[in-house]
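**Q** My questions all concern the structure below.
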Amino acid sequence: MKECPYGEKCYRKNPIHFGEFSHAHLDAIYAKGNGSGDYEIPDQYSSEMIHTQLKLLEKLFPKQTAKKQQKAHSSSSKPAVTAPVASGSSSSVSLDTKPSGSSTSRPAASQDTSNLAKKQKLNAKNIRDYIPVVIEKGGMAKKLERAAPYNMFLTAITDSKPTHSEPLSITLQEILDESLGEIESTVQINFMVDIGWLLGHYYFAGILDKPLLLLYGDESPELLSIGKFKQQVTAIRVKMPTPFATSHTKMMFLGYSDGSMRVVISTANLYEDDWHNRTQGLWISPKLPALPVDADTGAGESLTGFKQDLMLYLVEYKISQLQPWIARIRNSDFSAINVFFLGSVPGGHREGSVRGHPWGHARLASLLAKHAAPIDDRISVVCQSSSIGSLGANVQAWIQQDFVNSLKKDSTPVGKLRQMPPFKMIYPSYGNVSGSHDGMLGGGCLPYGKNTNDKQPWLKDYLQQWKSSDRYRSRAMPHIKSYTRFNLEDQSVYWFVLTSANLSKAAWGCFNKSSNIQPCLRIANYEAGVLFLPRFVTGEDTFPLGNNRDGVPAFPLPYDVPLTPYAPDDKPFLMDYLQG
């Protein structure tokens with residue numbers, strides 16, 4: 001069994017993880033204990049955390065058979081069913097195709113000697129051991145209906161119980177809930193994927209045997225051979241043109257048995273930590289029915305052009321396995337969608353005569369210039385992300401000249417003299433992270449490093465702390481990414497972007513300003529998000545902020561306003577703190 005890479009810093013509470021990885025410090029404590037809750041825990045450890053993890057070891061490796069199980073890990077004291085996933089996998093799950101109360105079991109295929117076949121098996125009765133926040137099935141359709149017109153959710157936070165019942169909190173199981181439709185196939189496009197964790201969710205949703213097309217960005221050895229053991233899973237790593245580029249999009253397509261489908265755009269990777277104690281955002285489309293066979297080729301488009309923009313984006317992957325889904329999108333009715341699709345794709349891009357700029361921050365500028373209500377130049381552009389790129393020697397270098405210059409656009413007639421609006425950046429401080437649910441480990445989703453920070457000391461003057469008391473998430477570090485402009489005086493939000501794109505040139509693009517050619521926006525990453533513009537969502541010029549306005553619900557900002565600037569002694573959290 002492999003040693004957990006986090007060692008003593010591991011804070012996981014997932015039995016799957018403890019069935020795959022050993023932890024020397026836990027093994028030593030467990031060996032000295034009685035196997036039933038009585039342990040001497042050294043002072044340097046969190047007693048509550050260690051006790052929780054030891055309880056998992058008790059379930060997985062009861063004392064009377066601990067030695068045998070630690071040698072083989074090929075059997076379980078619990079009745080279960082087995083379905084091998086990948087040879088040599090270090091992140092996988094043994095599951096039957098559908099949850100069942102059956103006590104029958106089937107041995108793993110003899111030719112599979114991977115960790116996958118050796119690890120602790122699950123059955124439907126222990127869903128709460130696998131998924132910490134379990135919401136009663138069957139209610140997601142009504143929850144989505146009540147979330148209109150924004151359809152924007154934050155993920156439930158394991159250690160913040162008020163979020164478990166918050167109307168705009170959501171779990172992955174709810175996204176797969178049968179009340180939204182009977183799923184026949186899915187697509188997952190994501191950066192980091194723990195296939196065992198994901199298939200565990202599919203198992204408990206009763207869709208483990210349904211076709212899954214998985215496009216992933218981060219290197220994942222267990223996904224290379226997944227198709228050999230789970231023939232319904234097709235996993236393809238997205239090829240990037242440069243070593244530093246990232247396939248960073250987080251998006252799902254859910255296909256239903258009645259021919260309809262649904263699009264989900266998210267900020268969360270597909271692994272346990274991202275759905276545990278981290279603030280994530282998701283937008284869920286309405287159900288998109290199939291068009292009649294004889295429908296016109298342009299039928300079923302939304303007023304926002306979402307369908308066309310999504311298809312153009314998917315074509316950029318140049319992956320043949322996506323073609324059936326592009327055809328399905330073309331033949332679906334997207335007219336109920338009220339947001340704009342906002343994507344980034346690798347390469348150099350110039351403004352076109354029809355769509356304007358196609359991708360990145362220049363695309364956002366085109367949409368704002370055409371559709372955003374006039375905004376006072378004193379209104380700040382507020383950015384918020386989980387990482388920060390190299391932004392240049394001063395605020396003018398890229399933030400003002402490129403990024404804010406795009407995000408300041410509105411429909412004010414050209415020719416009026418405009419000022420550069422203020423720029424604010426929400427990013428957790430060291431104090432925010434140290435006080436999080438997971439302590440310093442809560443900063444594991446914030447990969448901003450000292451080397452980059454040292455080159456841009458000017459940034460601290462623009463930083464705002466992470467506070468989300470109204471959403472019960474001040475201690476849940478944000479992996480969400482959002483961009484907006486709002487006015488506290490008249491309690492209005494002018495527009496809002498939810499996206500996978502961090503504040504970086506790689507994600508949003510950087511103009512090549514050669515005077516000899518038309519400006520070219522160079523983008524490194526694949527990213528995807530949605531733009532909420534009031535005229536398309538509520539029919540008004542602004543969204544209400546804080547309270548409902550004339551029957552229109554307030555826009556659900558993920559953080560508290562007014563914002564809280566860094567104090568003089570505050571400093572941004574840096575990933576280096578976890579390594580020291």
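Backbone N, Cα and C atoms are what each Cβ position is placed from, and that goes for glycine too.
Dumping what TrEMBL says about this protein:
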type	residues	note
ACT_SITE	His248	active site, nucleophile
ACT_SITE	His479	active site, proton donor/acceptor
BINDING	Lys250, Lys481	substrate binding site
COMPBIAS	72-94	compositional bias 'Low complexity'
COMPBIAS	95-114	compositional bias 'Polar residues'
DOMAIN	2-25	domain 'PBZ-type'
REGION	64-117	region 'Disordered'
SITE	Ser504	site 'Interaction with DNA'
**Q** Below 8 Å Cβ to Cβ and six or more residues apart, same chain only. Which residues does that give for the residue listed as 'active site, nucleophile'?
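**A** When sequence neighbours closer than 6 are ignored, the residue listed as 'active site, nucleophile' has Phe191, Gly217, Ser500, Ala501, Ala507, Asn525, Tyr526, Glu527 within Cβ distance under 8 Å.
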**Q** Measuring Cα to Cα, how many angstrom lie between His479 (active site, proton donor/acceptor) and Lys250 (substrate binding site)?
**A** 12
**Q** In angstrom units, rounded to an integer, how far apart are the Cα atoms of Ser504 (site 'Interaction with DNA') and Lys481 (substrate binding site)?
**A** 12
**Q** Within 10 Å of the Cβ of His479 (active site, proton donor/acceptor), how many other Cβ atoms can be counted across all chains shown?
**A** 25
